[in-house]
Every structure is written in C-alpha cells, then in structure tokens.
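Asker: Handing you this structure, nothing more for now.
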Amino acid sequence: MAGQAFRKFLPLFDRVLVERSAAETVTKGGIMLPEKSQGKVLQATVVAVGSGGKGKSGEIEPVSVKVGDKVLLPEYGGTKVVLDDKDYFLFRDSDILGKYVD
C-alpha cells in the first residue's frame, strides 16, 4: 500500500489524500491494452484524512471517509502530491463522489 510516505504529510481541514488504483493493462481474456485505451483511473484508496472542515453552523464537521476506504473520484481535479517518488492526490472531502462498501 502506501508504506511510510503518507506519514510525512498530513492533510488539513477537509482534505483527503488518496492513492489511485493501477489501471487494468490486460483484459480478462488476456489481451494487452494500450495506454490510450486504458481510460482514466477513478478508483483510489484513502491513505490520510484531515480533521474536518467548518460547517454552516461553525462546528467542525468530520471527514466522511477514513483511512483504508476505497473511493470513487471525479474524472478531473485533485492536486498531485509526490511523496517518496510515489504519486498521491489531494481532494476535498466534498469532491469525492462515493465510497465502495464491502
């Protein structure tokens, strides 16, 4: 997974640090997919979360995901963060489209 790299970075407020899942490079039938046809990876694993953001009433609202959750991301957005030569992405909690439930 993310190893120790994410421990060097703590998201603030309602920010969520995620590690995108690897794109499928081979079909179930064993056909290798070229990079152009793989599509954008929209699934990720949460590796760190902030403490939450201020709500309308001024109270701190906790982030809706926790470390280890599998989430669905928007096609565009997020801020790329490189930690120990590995790419992570920083999103606002409200930008995350949903989380996968086992």
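Cβ from N, Cα, C; glycine included.
According to Swiss-Prot, the feature N-acetylalanine maps to Ala2. Residues or ranges marked as N6-acetyllysine by Swiss-Prot on the basis of a large-scale study or a structure entry: Lys8, Lys40, Lys66, Lys70 (among others). The annotation N6-malonyllysine is assigned in Swiss-Prot to Lys40, Lys54 (among others) on the grounds of similarity to another entry. Among the features that Swiss-Prot reports, N6-succinyllysine is placed at Lys56, Lys66, Lys70, Lys86 (among others), with the record citing a large-scale study or a structure entry. Look at Swiss-Prot and you will find Ser57 tagged as phosphoserine, backed by a large-scale study or a structure entry.
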Asker: Which is it, of Lys8, Lys54, Lys66, Lys70, Lys86: the one of these modified residues whose Cβ has the most other Cβ atoms within 10 Å?
Answerer: Lys70
Asker: In the three-state scheme derived from DSSP, which category covers Lys70 (N6-succinyllysine)?
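Answerer: For Lys70 (N6-succinyllysine) - judged by DSSP and reduced to three states - the answer is strand.
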Asker: May I ask which of the modified residues Lys8, Lys56, Ser57, Lys66, Lys70 is closest to Lys86 (N6-succinyllysine) if we compare their C-alpha atoms?
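Answerer: Looking at Cα distances from Lys86 (N6-succinyllysine), the smallest one goes to Lys8.
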Asker: Going by DSSP, is Ser57 (phosphoserine) sitting in a helix, a strand, or coil?
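Answerer: Where Ser57 (phosphoserine) sits, the three-state DSSP reduction gives coil.
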Asker: Can you tell which of the modified residues Lys8, Lys66, Lys70 lies nearest to Lys56 (N6-succinyllysine) in space, using Cα positions?
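Answerer: So, of the listed modified residues, the one sitting closest to Lys56 (N6-succinyllysine) is Lys66.
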Asker: Could you state the CA-to-CA distance between Lys54 (N6-malonyllysine) and Lys66 (N6-succinyllysine) to the nearest Å?
Answerer: 18
Asker: I'm trying to understand the geometry here, so how far is the Cα atom of the residue listed as 'phosphoserine' from the Cα atom of Lys66 (N6-succinyllysine), in Å to the nearest whole number?
Answerer: 23
Asker: Taking DSSP three-state, what's Lys86 (N6-succinyllysine) in: helix, strand or coil?
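Answerer: DSSP assigns Lys86 (N6-succinyllysine) to strand.
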Asker: Specify the secondary structure state of Lys8 (N6-acetyllysine) as given by DSSP, simplified to three classes.
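Answerer: DSSP call for Lys8 (N6-acetyllysine): helix.
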